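Swiss-Prot annotations:
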type    : residues                               : note
DOMAIN  : 6-245                                  : domain 'ABC transporter 1'
BINDING : G38, E39, N40, G41, A42, G43, K44, S45 : ATP binding site
DOMAIN  : 260-509                                : domain 'ABC transporter 2'
Amino acid sequence: MATPYISMAGIGKSFGPVHALKSVNLTVYPGEIHALLGENGAGKSTLMKVLSGIHEPTKGTITINNISYNKLDHKLAAQLGIGIIYQELSVIDELTVLENLYIGRHLTKKICGVNIIDWREMRVRAAMMLLRVGLKVDLDEKVANLSISHKQMLEIAKTLMLDAKVIIMDEPTSSLTNKEVDYLFLIMNQLRKEGTAIVYISHKLAEIRRICDRYTVMKDGSSVCSGIVSDVSNDDIVRLMVGRELQNRFNAMKENVSNLAHETVFEVRNVTSRDRKKVRDISFSVCRGEILGFAGLVGSGRTELMNCLFGVDKRAGGEIRLNGKDISPRSPLDAVKKGMAYITESRRDNGFFPNFSIAQNMAISRSLKDGGYKGAMGLFHEVDEQRTAENQRELLALKCHSVNQNITELSGGNQQKVLISKWLCCCPEVIIFDEPTRGIDVGAKAEIYKVMRQLADDGKVILMVSSELPEIITVCDRIAVFCEGRLTQILTNRDDMSEEEIMAWALPQE
């Protein structure tokens, strides 16, 4: 076999105490399309950021074109022919096609001893590159006027302008129509014939089988298997992705389903988002005291649905009912007043006020629900604020020196407890947890699970979004699986709640 252009051996990457990559091996040959597979959080994106020079590895060796490196920076990686195209495209809509192709690297020529931009030469080279990728657009066209497919071709052209030998593509078909996917694959096949290697990250197994030559599967920050795509079945790939270790990964195990009567109190009927690609025709019901989990791949529509339910995003249709009444929130404030709470996946961006104390953060949501108190800015009087905070501190076993200390001084797990307590002050009936244990340690996770189960036992309806399959299997009574904006299955039988079964419903079938 030919000499590999890239060989990554024993790559590790730590962020403080968190080992994002443990020991990863990856080999990519010239003229091959190599699938990089794995669950959410397996380490695929981190590995590609190491290869493209964005992250410095903690250990391991990267060999490119027979030269070994302990680390790369972004500039060196580009010089060595490593290009990356992210799922969120980096082209700038306000600039023209030509300007996007030459951002930060204009060609120049000397006239009378002065360097000036050589627009003529740039146009000639740009036209040749667009011809190479089959992109028929005017160089002076604003990128904002291009389709998603054309923007993607422009990204490929930008990468090739840097003489890329390896192109990393992260979920490149996520926003493309079937016809546009066909066109992308046509260009990829042409690049393969020219000797360009492509690392292809995707969860769409039908696409992997159609376009890729070899594969590497990652799990929990390690590479577990590599081989030829035609030698394995889709079931084999799914088993490699999820492994064999299931419910026992966490110490905190879910006890029996709540003893509360199976009384349906929360219903979602035919909810569709205004952007119909995000959420389409979703219906389900939840009983009092039940934890309903939402599983699926990144971009499957879970968080988008929660935003619709809580009034963050507008709905095109559908109804949300609580205790038999249509509550369909028009805004987050309306949702709070109607008995809902939302603990978002981003604590720092959407969850807490970093300049406020623990007590002040706890007081915010109740102030909003009740329309304000007599204190300044509509918050509690200080005495009420302190009393409530101390009660919540004891209830949730919050570890802090004082409820008056700044919330940013707490660990991630304790910050999450503050967010939970903030919403408990509103006495909600429905609580949405979106990635409730992201970024916190195993011990803190167990405490959060315990809190969620206590809330369910108290009669609350819990909606839990999580990308960690062992977690969602452990904690939830039932699991709703999403794929590409649709609810594909609700798993109710404990025997069916395996990682393999969830992934089978979460992966696109076409």
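Every residue, even glycine, has its Cβ placed from backbone N, Cα and C.
Here the Cβ of G38 (ATP binding site) has 24 other Cβ atoms within 10 Å, regardless of which shown protein chain they belong to. Between the binding-site residues G41, G43, G43 has the most other Cβ atoms inside 10 Å of its own Cβ, all protein chains included.
In sequence order, L36, L37, G38, I201, M218 constitute the residues six or more apart from K44 (ATP binding site) in its chain with CB-CB distances below 8 Å.
Sequence-distant neighbours of S45 (ATP binding site): residues of the same chain at least 6 apart with a C-beta under 8 Å from its C-beta are D170, I201. All protein chains shown were included, and the count of other CB atoms within 10 Å of the CB of A42 (ATP binding site) stands at 23.
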